[in-house]
Amino acid sequence: MKLTCVMIVAVLFLTAWTFVTADDSRYGLKDLFPKERHEMKNPEASKLNQREACYNAGSFCGIHPGLCCSEFCILWCITFVDSG
């Protein structure tokens with residue numbers, strides 16, 4: 001019985017917290033979709049396609065391949081050179 005009451009209170013608290021912390025809960029999706037459609041028409045407008053800075057070969061990248069210009073990372077950025 002106590003566990004059920006605790007679970008109900010937790011669900012109500014998390015639901016209220018979601019609504020309180022939302023930026024604009026009424027019109028959030030209305031403004032979101034036109035931006036996505038605009039980015040689909042112009043892929044260069046997407047922020048995901050822009051790389052501000054990337055690491056050259058031999059630079060330490062840890063386990064994050066997105067940091068390397070070549071997209072290959074095994075602790076250090078790696079580039080593969082074609083010989084032919």
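A Cβ is built for glycine as well, from the same backbone N, Cα and C atoms used for every other residue.
Given the structure is predicted, the values throughout are model-derived calculations rather than measurements.
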Recorded disulfide counterpart of CYS73 (Swiss-Prot; options CYS54, CYS61): CYS61
According to Swiss-Prot, the disulfide-paired cysteine of CYS69 among CYS54, CYS77: CYS54
Candidate in CYS5, CYS68 joined to CYS77 through a disulfide, as Swiss-Prot lists it: CYS68
Count of other CB atoms lying within 10 Å of the CB belonging to CYS68 (disulfide bond): 20
